[in-house]
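The structure appears below as structure tokens.
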């Protein structure tokens, strides 16, 4: 085999540029131009198809009304303060153990301060007793921005944070602020019978309000979870705050709240409590523990 010379390059230089055939990487200028033109047209068509499908999709979307709302699940029931795994543990004699809960409640209730609801161009007084739904028109902007019902923080009484800034945590009598999550154009329907409601909660069934009831989740805790008080409009979610028209049409909307006050919990033991709302179109799911209900675990110690 002849020895390789210093000029030997394996032919790669000629492959890069063949001066005899005027080829770059094995193709002439005309060939490269045809390939470039092909890919420009090919990817241009792909981009056109993609843009066309997006435009077609956007034509089916209403800016104000959900198209497939029949597939939306019933609203979830959530509470403030939230905690990891819904477990709340604190010491009555150590404010640092419950300060994060108190701060979360104050932050959440800022929007419900009277000073934030003074503009009567954005808010209206819907009363402090339950009423039927308020019809503010269709889900479009023909009538402009919808007014929101006022909900006064003071209606939460001892759980408002106005008189007791610790929301009962400093006494071992904690509060939870409960709300139904927002769903556009959803109208919760109150129960019409007591068939699906625990006997202890049947007195809460009344027109124009969605009742809420909390109790011990485990039978062995029945004697340890005693008096529970509820604050808000008729201790439930009044219908005049529904429906919700969405962020664009209802930017000032305030959800009605219910404060749950646990006034007599046994200390130094783990207690699991479940809260549920009751309505004709409110369902529960084992796969979603916040659909129409939630449970929370308290562990309260003296110090």
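Yeah, the Cβs are placed from backbone N, Cα and C, and that goes for glycine too.
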Among 35-55, 56-76, Swiss-Prot lists transmembrane segment at 35-55
Compute the average pLDDT of the predicted model within the topological domain 'Cytoplasmic' (1-34).
70
Looking only at Cβ atoms, how many others are within 10 Å of the one on residue 126 (disulfide bond)?
18
Measuring Cα to Cα, how many angstrom lie between residue 275 (disulfide bond) and residue 175 (disulfide bond)?
13
With every protein chain in view, what's the tally of Cβ atoms within 10 Å of the Cβ of residue 194 (N-linked glycosylation site), excluding that atom itself?
14
Neighbourhood of residue 159 (disulfide bond), C-beta criterion under 8 angstroms, separation at least six:
167, 168, 175, 176, 177, 231, 259, 260, 261
